[in-house]
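Undergrad: Quick one: structure below, then a few questions.
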Amino acid sequence: MLPINCLETTSAKMREQPNIAVIGGGVVGITVAKLFQDRLKNAKVTVLAENYTEDTTSHIAAGIFRPGTSFKGPTKEITKKWLNESWQFWQDILKTPDAEQIGVMTLGAYIFSKENYHVTRNHLIEDLVPIYRPVTDEELKLGPKGTKFGSYFSTLKVECERYLPWMGNIIVERGGELINRKVENFASLSNYDLVFNCAGLGAKYLCNDYDMVPIRGQVIKVKAPWVKSAFYGDIDTYIIPGLNGVVTLGGCRGYDSYNLNYCKYDAASILERCCEFLPNLKNAEVIAHKVGLRPHRMPVRVEPELVDGVKVVHCYGHGGYGVMTAPGTAIDAVEMGLNFLRSNIKNKL
Ligand SMILES: Cc1cc2nc3c(=O)[nH]c(=O)nc-3n(C[C@H](O)[C@H](O)[C@H](O)COP(=O)(O)OP(=O)(O)OC[C@H]3O[C@@H](n4cnc5c(N)ncnc54)[C@H](O)[C@@H]3O)c2cc1C
């Protein structure tokens with residue numbers, strides 16, 4: 001946060017039409033752009049992105065609300081705030097008649113393990129989601145042979161295939177623009193009053209941020225409308241049903257891997273592990289194989305910085321949890337952006 005004496009509450013910038021750029025057309029950039037418009041109606045918001053919709057990492061994600069227990073903001077309190085506010089954001093959409101059209105749905109999920117009780121627990125959401133409980137003896141039989149531990153929880157899922165175009169349309173209807181452009185550096189955006197950096201893995205290069213690490217993931221999208229609950233198992237195995245009977249089968253995590261090519265060995269391993277849960281999946285029609293690089297950073301970076309005289313608010317590094325946590329981080333980024341815009345800071349923070 002900026003020191004209070006840096007704020008000019010009656011700043012001319014707030015009265016004119018401030019010119020705002022958002023780098024990134026994934027779930028984080030699109031959410032920040034829309035939430036900024038919500039807060040400052042007279043702002044001219046331009047999204048600048050190399051890729052949109054199906055060419056983003058966001059589009060590949062199953063989008064389930066289940067953070068890894070290592071998901072981290074700068075403090076425990078901020079981590080919790082991001083999760084709570086994100087959950088509330090998605091709940092508000094679920095209450096509307098458009099939820100399905102926007103790509104948001106409720107979902108029940110099982111998490112099983114043959115070896116480790118702790119992987120079935122999640123301190124970050126046990127007091128947030130409506131249900132998080134141990135499975136019954138009967139439910140334990142839903143896991144593969146040898147399953148010893150299990151939990152059931154109620155959660156939600158967001159399909160970026162629908163969410164991104166829906167939010168993008170709102171941004172444009174309000175006078176914003178979505179432009180195809182690769183940003184080489186922040187200095188090239190000196191004509192903007194404020195820039196949000198939501199470039200995901202691209203932020204590694206824009207900021208020379210060596211804490212940014214890709215974590216490679218591969219999934220199989222299959223048609224299996226009979227799958228009604230999500231299942232998690234050992235060795236990063238998951239089965240996550242979505243809208244229109246499309247189910248995401250995963251997964252794998254390749255730390256520091258930049259390989260965006262499909263790997264047939266990963267696909268075979270994923271299918272074998274998922275069929276241990278639900279043998280019928282081997283007959284499911286394969287719709288697509290997808291590979292993405294999770295933009296991992298510890299902690300996720302949400303903070304203002306003056307770079308080459310340009311006011312920049314960073315919001316990147318959400319790793320494997322950026323769909324679910326985009327709104328909470330975006331709310332903080334937008335607040336920082338509004339304070340930054342009002343300030344007359346000319347030197348480094
Ligand atoms: C297999 C897999 C499964 C996943 N499952 C889940 C899940 O179930 N739940 C969940 O919450 N998350 C999940 N994730 C993680 C989630 O996909 C990411 O955390 C999220 O998509 C990050 O969003 P983002 O907007 O930061 O990045 P991206 O979606 O990668 O978007 C980055 C944007 O920045 C643009 N960009 C980058 N550099 C520049 C530049 N220099 N100039 C202009 N534009 C630039 C890109 O073109 C793109 O538009 C999963 C990820 C993978 C790979």
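Each residue, glycine too, has its Cβ placed from N, Cα and C.
TrEMBL does not curate its annotations; it predicts them automatically.
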Undergrad: So TrEMBL lists TYR238, GLY320 for D-dopa; which of ARG181, ARG273, ARG294, ARG297 goes with them?
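TA: That D-dopa site, as TrEMBL gives it, pairs TYR238, GLY320 with ARG294.
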Undergrad: How long is the line from the C-alpha of TYR238 (D-dopa binding site) to the C-alpha of SER58 (FAD binding site), rounded to the nearest angstrom?
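TA: Rounded to the nearest whole number, the Cα-Cα distance is 18 Å.
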Undergrad: For the recorded D-dopa site, enumerate neighbouring residues of the same chain (Cβ within 8 Å of the Cβ centroid of TYR238, ARG294, GLY320, site residues themselves excluded), in sequence order.
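TA: Nearby residues not in the site list: ALA61, GLY68, ILE215, GLY217, ASP236, GLY250, GLY251, ARG253, GLY319, TYR321.
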Undergrad: Tell me whether ARG294 (D-dopa binding site) sits in a helix, a strand or coil according to DSSP.
TA: strand
Undergrad: Could you work out which of the binding-site residues (THR57, SER58) has its C-beta surrounded by the smallest number of other C-beta atoms within 10 A?
TA: THR57
Undergrad: Please report the DSSP secondary structure of TYR238 (D-dopa binding site), reduced to three states.
TA: strand
Undergrad: Compile a sequence-ordered list of residues in the same chain as ARG294 (D-dopa binding site), six or more apart from it, whose Cβ lies below 8 A from its Cβ; state 'none' when nothing qualifies.
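TA: Listed in sequence order: THR57, PRO214, ILE215, ARG216, GLY217, ARG253, GLY319, GLY320, GLY322.
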Undergrad: Which of the three DSSP states, helix, strand or coil, fits GLY320 (D-dopa binding site)?
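TA: The residue in question, GLY320 (D-dopa binding site), is helix (DSSP, three-state).
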